[in-house]
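A.B. asks: This is the structure, below, for whatever I ask next.
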Amino acid sequence: MDYKRFKGKHANIVIEIISLLEKGVKKAQEILEKPDAGSYTQLENSSGDTPIKADLALDKFLEETFLSLENVKSVFSEEKETPVTKENGSYLIAYDPLDGSSVMEANFLVGTIIGVYEKDYKAQNLVASLYVVFGHKIELVVALEEVYRYAFYQNKFHFIETIVLENKGKIIASGGNQKDFSLGLKKALEGFFAENYRLRYSGSMVADVHHVLVKKGGMFSYPQKKLRKLFEVFPLALMVEKAKGEAFYFDKGVKKRLLDQSVESYHEKSECYLASPHEAQILEKHLKGE
C-alpha cells in the first residue's frame, strides 16, 4: 500500500494500524465466514447486549493486534468493561469489533470501527478514525486530514478515492423507533421523501454511514441515545467532518457538535446526526427549539 497521502503528526500511528489491518484482514474475514459466526452466545457484554460468536472472536484478534503496537498504551473494545493498558505509548485505540452484528445472520454489510485517541479517551483527543467493511469485497476508509477509501485486493489495500461530500445528497438512513421520533424529525423526513430522497437503512451503522460517504452525500440519523460515543459516534463523526460534512446532536433544541461532547463514563451513549451540509440545514430548521 502507498502511504504517501498520510502526513502530519499522527501519520505514523495510522500507517502502523493500516499495515496491521492489511496483514490481518483475511483472518478477520475467516472469523466472519464461519458457519456459526452469527450465533448468539450466552454472555452479556458491558453494555448489556448479547454478543454473537464473531463479536468475541474478532474482539480477541483485534485486541492482540492493537496491543502489539509499540506506541499504543491502551486498547479498549466495546465488548469490555474497561480498557487494557500498557506502561508505554502515546495513543489509545477504542474500537467496535463488529458493528452491525445484529444483521449479520441476514448477510448484510458489517464492519469494524476504530478511533485513535491521544493521551485520553475524549472526543477532543480523537486524532484519526478508520473503519473496515466486510461484504462481497473488503474496504477500508481512513480519516486523518482527509478521508481516503481503499479496496482490499490480492493481499493489499488499493486506493480508490478521496471522499468529499457534496452539499446535497439523495439518500437517508434514519434509524431508531419511528414512533418515538419528535414532530420536527418526522417533518424533516417527510420533506426529504417529498424531494425524492431514498431510504437506505440497514441496521448496521458503519454500513449506512459508508453508503452516505460513497454516494457523496445524504444523512444518517439515530435520535435515541443508543450509540456509544467512544466506539461508534466519535470515530464516524470525525470521518464525516473530515469529508466536509457535519456531525451533530440536539441539546434542548439547540444544534451542537458531536465532537464537542464530554464523556462521563466509558460506555456513555448519544444521539447522532451525520449529514452533508444541506441535510444538516434542513434538520436544524425542523428540530431547532424542540
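Heads up, the Cβ atoms here are built off N, Cα and C, so glycines get one too.
Since this is a predicted model, take the numbers as computed values, not measurements.
What Swiss-Prot records for GLU78, ASP96, LEU98 is Mg(2+) 1 binding site, and it gives sequence analysis as the kind of evidence. Taken from Swiss-Prot, the feature Mg(2+) 2 binding site applies to ASP96, ASP99, GLU232, supported by sequence analysis. Positions annotated as substrate binding site by Swiss-Prot: ASP99, GLY100, SER101, SER102, TYR201, LYS226.
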A.B. asks: Long-range neighbours only, meaning 6 or more apart in sequence with Cβ under 8 Å: which ones does SER101 (substrate binding site) have?
C.D. replies: GLY38, PRO51, ILE52, ALA54, ASP55, VAL110
A.B. asks: Looking at Cβ-Cβ distances, which residues of the chain lie under 8 angstroms from SER102 (substrate binding site) while being 6 or more apart from it?
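C.D. replies: The answer is GLY203.
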A.B. asks: Residues with Cβ closer than 8 Å to the Cβ of TYR201 (substrate binding site), same chain and 6+ apart in sequence?
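C.D. replies: Non-local contacts for TYR201 (substrate binding site): ILE172, ALA173, SER174, GLY175, ASP208.
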A.B. asks: With a 10 Å radius around each C-beta, find which of these binding-site residues (ASP96, GLU232) has the fewest other C-beta atoms nearby.
C.D. replies: GLU232
A.B. asks: My understanding is the cutoff is Cβ-Cβ under 8 Å with a sequence separation of 6 or more in the same chain; which residues meet that for LYS226 (substrate binding site)?
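C.D. replies: The list for LYS226 (substrate binding site) reads GLY176, LYS269, given in order along the sequence.
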A.B. asks: What Cα-Cα separation, expressed in whole Å, is found between GLU232 (Mg(2+) 2 binding site) and LEU98 (Mg(2+) 1 binding site)?
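C.D. replies: LEU98 (Mg(2+) 1 binding site) has its Cα 11 Å from the Cα of GLU232 (Mg(2+) 2 binding site).
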A.B. asks: Give me the Cα-Cα distance between GLY100 (substrate binding site) and GLU78 (Mg(2+) 1 binding site), rounded to a whole Å.
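C.D. replies: Taking the Cα atoms only, GLY100 (substrate binding site) lies 13 Å from GLU78 (Mg(2+) 1 binding site).
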A.B. asks: Return one of helix, strand or coil for SER102 (substrate binding site), based on DSSP.
C.D. replies: helix
A.B. asks: Once near-sequence residues are set aside, which residues in the chain of ASP99 (Mg(2+) 2 binding site), 6 or more away, have Cβ atoms under 8 Å from its Cβ?
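C.D. replies: In sequence order, the residues whose Cβ lies under 8 Å from that of ASP99 (Mg(2+) 2 binding site) (at least 6 apart) are VAL110, GLY111, THR112, ILE113, TYR131, SER204, MET205, VAL206, GLU232.
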A.B. asks: Report the same-chain neighbours of LEU98 (Mg(2+) 1 binding site): residues 6+ apart in sequence with Cβ closer than 8 Å to its Cβ, ordered by sequence.
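C.D. replies: The answer is LEU32, ILE52, ALA54, ASP55, LEU58, ASP59, MET104, VAL110, GLY111, THR112.
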A.B. asks: Tell me the coarse DSSP state (helix, strand, coil) of GLU232 (Mg(2+) 2 binding site).
C.D. replies: helix
A.B. asks: For Mg(2+) 2, what surrounds ASP96, ASP99, GLU232 with a Cβ no more than 8 Å from their Cβ centroid?
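C.D. replies: Sorted by sequence, the hits are GLU78, TYR95, LEU98, GLY100, GLY111, THR112, ILE113, MET205, VAL206, LEU227, ARG228, PHE231, PRO235, LEU236.
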